[in-house]
Amino acid sequence: MYVIAGLGNPGREYEGTRHNVGFMVIDELAKKLGMNVTKLKFKSLVGEGNFKGEKIILLKPQTFMNSSGEALYDAVNFYKIPLENVIVIYDDKDLDLGKIRIRKKGSSGGHNGMNSIIYLLNSEEFPRVRIGIGKPQKDLVSHVLGKFEESEKKLIDEAVIKAADAVIDIIENGIEHAMSKFNG
């Protein structure tokens, strides 16, 4: 069983923003896996299904970014899932736009959603897929809550597809394989 959480902020006003790239990847995964992420559970929009004999739970926390840990904590405790089977997908301002990075574990890198998750799970020992949103030209809040420029959309759309493929590869072939295939 895998719990896969894409981080973002709920509400129409945040759709398409840099901070919501995790939600975009969950939507892409749902499409690829034939799932609907519409049920409200664990303070999240949830989709449940199966892939290659594994139960898959897709989460889009509805707690707002800085409290993402509440949703993930509830799901992890409900399913009694080992942390190596929890995959978190989120934006990273320190990665170039459109780049993805997969890691087995690590710090929050200053990302408040990840701070919340690490604090509530009491561990940094879970896989994550980071999607580069580029360095801010202006202040950080305006950057992460801003929408992608028209010139950036093709690159970010490709990154979302690549990140979804990377998550599928983690499930099928393990994180080491996915890291060597997708970390460029």
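Including glycine, each Cβ sits where the backbone N, Cα and C put it.
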*Besides Tyr14, Phe64, Asn66, which of Asn36, Asn112, Asn115 does Swiss-Prot list for that tRNA site?*
Asn112
*For the recorded positions Asn9, Tyr14, His19, Asp91, Asn112, the one whose C-beta sees the most other C-beta atoms within 10 angstroms*: Asp91
*Note down the number of other Cβ atoms within 10 Å of the Cβ of Asn66 (tRNA binding site), including every protein chain shown.*
12
*Rounded to an integer, what is the Cα-Cα distance in Å between His19 (active site, proton acceptor) and Asn66 (tRNA binding site)?*
11
_List the residues in the vicinity of the tRNA site, defined as same-chain residues other than Tyr14, Phe64, Asn66, Asn112 with C-beta within 8 angstroms of the site's C-beta centre._
Asn9, His19, Thr63, Met65, Ser67, Ser68, Gly113
*asked:* What does the structure give for the C-alpha distance between Tyr14 (tRNA binding site) and Asp91 (site 'Stabilizes the basic form of H active site to accept a proton')? Integer Å is fine.
replied: 14
